[in-house]
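In what follows, a single structure is set out as structure tokens and then discussed.
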Amino acid sequence: MAALRISVWILVQALMMALVSSNSSHFLQLPQSQSVVENESVDFECQASTDPSSELHYEWLHNGHRIAYDKRVYQIGSHLHIEAVQRAEDVGDYVCIATSLASGAREASPPAKLSVIYIDSASVQLLGSNRNELLLKCHVEAVSGSDDPLQIEWYRNSAKLSSWQNVQLDQHRLIIRQPSAADDGLYRCTASNAAGRVMSKQGYVYRSSLKCLPRLPRRKNQKLPESWSKEVFLCRGKRGGSGGVEALPSAPEDLRIVQGPASHAIIKEGDPAALTCLYELPAELQNQRIQLRWRKDGKLLRHVELGNSLPLPGISSDSGKDALLREDARLVLHKQNGTLSFASIIASDAGQYQCQLQLEGYAPINSSPGTLEVIEQLKFVPQPTSKNLELDAPIAKVHCKAQGTPTPQVQWMRDDANTSLPDQVEVDANGTLIFRNVNADHRGNYTCLATNSQGQINATVAINVVVTPKFSVPPVGPIETAEQGNVVIHCQAIGDPKPTIQWDKDLTYLSENNTDRERFRFLENGTLEIRNVQAEDEGSYGCTIGNSAGLKREDVQLVVKTAGDGFPPEESGGDGFLVTRAVLITMTVALAYIVLVVGLMLWCRYRRQARKARLNELSTKEAGGDQPDGAANGKGSEQEPCLSKQRNGHGGQSRSKSNGDAQKSDDTACSQQSRASKKSAHIYEQLALPRSGLTELIQIGRGEFGDVFVGKLKASLVATGSPSDKDADTEKQHSNSENGSGGSGSGSTTLSTLNEKRRSKTSMDDIEEIKEEEQEQQQSDLDQLVLVKALNKVKDEQACQEFRRQLDLLRGISHKGVVRLFGLCREKDPHYMVLEYTDWGDLKQFLLATAGKVNTASAAATSSPPPLTTSQVLAVAYQIARGMDAIYRARFTHRDLATRNCVISSEFIVKVSYPALCKDKYSREYHKHRNTLLPIRWLAPECIQEDEYTTKSDIFAYGVVVWELFNQATKLPHEELTNEQVIQKSQAGTLEWTVAESTPDSLREILLSCWVSNPKERPSFSQLGAALSKAMQSLEK
């Protein structure tokens, strides 16, 4: 079967190629290859010649496959429109196929290629550096059109460079010959094309160094004594020296340029122009090899031989490197006076020009440079065209681009100058007319005005709002009818303009002219009625609906049964009985299924009400017999599927624990679930916070289950108790439990011992804790900066489950390396989770600021904060390891450890947090895998393959966090790979990890062990903390 399909496909492709080669001449308008900027729209036009009595059906192929139309890619008449072109999906060949509905003949156009213009990034690469030459390359990830090539500009310390003296610009390369101290600085490049302009992320810093060759005086047959093997010899260069490079001698003084080009000339586009270069050539040099050259922007433009000598071989060092040396009839270089004349100036002639005399064996003689500025004529590029807009489309654009000198201002008006643009229509900075939520009021004539000092030009386009035709009642079949009977085939359509309906039989159009009017009736609503059906009426009937927005077609099969085609009576009766029995069985099974489902629903409802009654009774006992109204009517628990409703404000905080043995149930599972629900509700009531205590809420992004805010919490609502004290208790208790000292008696002894130690704080650590307690007491009256996570997706069970998991994680840990959970706001939807936040915000933004990637300058400070030292990076990593070790000791896993999910304060205290801004701010760092947003570049292989999260997977992510710290978070892990490639390599075990270059050697081995495939071979957080502590101690020594 597969071989048959392949054979049919090859035959169809061969037929299409034959149609392309033989019938392309039948097209009146062929689709043309185009280059378009990414995210802009493009139209492929197609129209074929046809007999006026017949019609054509058009369809489009993309890379040999039929296009599936949607709101972004759709067909307008015979033309194809693509909105917001994407290079990953839309690049390729497009073929228009025209099918005659009368004869069924198909014609295919030659393929039209679509190229997408884009520009992503630029970087400076060092190709070579020595004392004679410095060679840099600007590497750009971009694609440009043939009409608008990629433009490269070089900068040294923010000053733009041009070809001058020892600096040469050669396409993407920068060549500096004989570099000296004057060439020291930071070199960057910018790249621009029709898609935009980018600057290199990191430049190249060049520092010239004194180069001298140390030489020791040595006579013939003289050997150095052995004692000299450890002597130190100094090499001192002469200040201001050239490093031993011999320059060419200066040319004779009587060979000189008398007058060079004007320093600044302004010429209108289309006017003639001439650049002057008067020179003096002595008689004694007439037979010498002398060449007159004109350069534009440092590149050789034209040259001519002077005197009676033979021409110079080649073009010296410029041979083969200057792309401007080409034939152009507009340019003429006059040998007699050195003048460079232009017959008519065009926009590309603008630039810096310089005249040069080159005498063989001598340094060139250069004139002063002159700048030619071209006043470009005001014009539209391209001319705006009319457009059909789809009704209710979320966004539609009409482009209007104008060029001229000075840069023109573009405006849009509707109908006339006195009519403003309608609602939801705006003009962006590039002059593009943007329609949002297209409606019928957007129809009309729109005029684009381009204005500058030259004057004003305008272009008027017609905007029409259309609705793609749709079947309101499509043909349904197959239809079986007896001979001489009547049959009705429905076909009704909606659209704007009102679509026309055309019927055909076996691809032959049907109309009142070619059918029996007494038997065939075409109703006004599009329905086809056939009376006195004949045997020849059997076949495939097609209904085609269409308007200016496109065409659609549906087929239905009509089967006509005659008396001679019937079965014997006994056989027919048997078939009818079988069909009836099958229908009865099917209906019986369906009815039984419905009854079963309804019964289960009623049973589940009864059980749920019984559980709620038991919960309400338990809550009443806990509250001392005062039952809230919400519990009485039983509606509180159904309003919020994630968390139970808060009762009576803060009343839950004063309730005591209930007896766990009360109200036992006969059903063990229900009893356990009731006790778990009671315990969870009791915990959430202990965490209750009033919503009025939150002030100055500012949204900073969106997470996996709702919006994320930063605000302030009143100091009176912040629970007392230092995390550092609880941290010490937690670690000491964990140590005791590991030593086997668990039990009620030992536990009370340990607590009393800890209390005694707290009363007698004499060590340096205890003194520091006392200072922290005093500082916290002083700041207790200040409002607390908090992070607020809203639970918007209350109907999403997966989001609710993740919300509860984060609550349990942060509620169960009290450590100075982990943010505190201040409480929950559950008075109304959405629920708020209130977490501790810091004044410096998340760690990733702090790292980017210290790396100079975030603009932190203000009016008083013009420099970015300095980058972190190795000691500071190790201190940050150590604090994160301590916080993660506390999470491990509490038997929890984080699952999304990264610098973006850590916070840092102005006191350089780092805490593990959980903002998880995966929907907007850090959406690049998440990828949807198996219908879930995952940070795949931070996840261990077992998390991606088996969805298994353990402490060892957190250790894997911690290794990536340390990699981020040493790279200042300036790039993503494996940013050269796409998300799909990262997943494939991780699952195959071929994803290779390397530590950052600035990582200390003592940490390389243990960090590499964090990324091994076997989770059991990865280190623990305590081992990582010990290694980091040793590394910090070694740096301090």
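Every residue gets a Cβ built from N, Cα and C, even glycine.
Per Swiss-Prot, the annotated N-linked glycosylation site among residues ASN366, ASN445 corresponds to ASN445.
Annotation in Swiss-Prot places CYS277 in a disulphide bond whose other cysteine, of CYS212, CYS235, CYS355, is CYS355. Of the candidates ASN458, ASN739, Swiss-Prot marks one as N-linked glycosylation site, and that one is ASN458. When averaged over the domain 'Ig-like C2-type 4' (369-464), pLDDT in the model lands at 86. Break the domain 'Ig-like C2-type 4' (369-464) down by DSSP state and the numbers are 3 helix, 50 strand, 43 coil. Non-local contacts of CYS543 (disulfide bond) by the CB criterion (under 8 A, 6+ apart in sequence, same chain) comprise PRO474, PRO475, ILE489, CYS491, ILE501, GLN502, TRP503, GLY526, LEU528, ARG553, GLU554, ASP555, VAL556. Neighbour counts were taken as the number of other C-beta atoms within 10 angstroms of each residue's C-beta; across the glycosylation sites ASN39, ASN337, ASN445, ASN458, the minimum falls on ASN337.
Proximity to ASN337 (N-linked glycosylation site), defined by a C-alpha to C-alpha distance within 10 angstroms, is shown by none of the recorded positions CYS355, CYS400, ASN445, CYS448, ASN525. Around the Cβ of ASN513 (N-linked glycosylation site), a 10 Å sphere holds 8 further Cβ atoms from the protein chains shown. According to its DSSP assignment, CYS277 (disulfide bond) is coil. Across the domain 'Ig-like C2-type 5' (469-559), DSSP classifies residues as 3 helix, 51 strand, 37 coil. Annotation for CYS138 (disulfide bond): same-chain Cβ neighbours under 8 Å, separated by at least 6 residues, are ALA122, SER123, VAL124, GLN125, ILE152, TRP154, HIS172, ARG173, LEU174, CYS189, ALA191, SER200.
Using CA atoms as reference points, the recorded positions CYS96, ASN430, ASN513 were checked against ASN445 (N-linked glycosylation site), and the closest is ASN430. The recorded positions shown are CYS96, ASN430, ASN458, ASN513, ASN525; of these, the one with its CA atom nearest the CA of ASN39 (N-linked glycosylation site) is ASN430.
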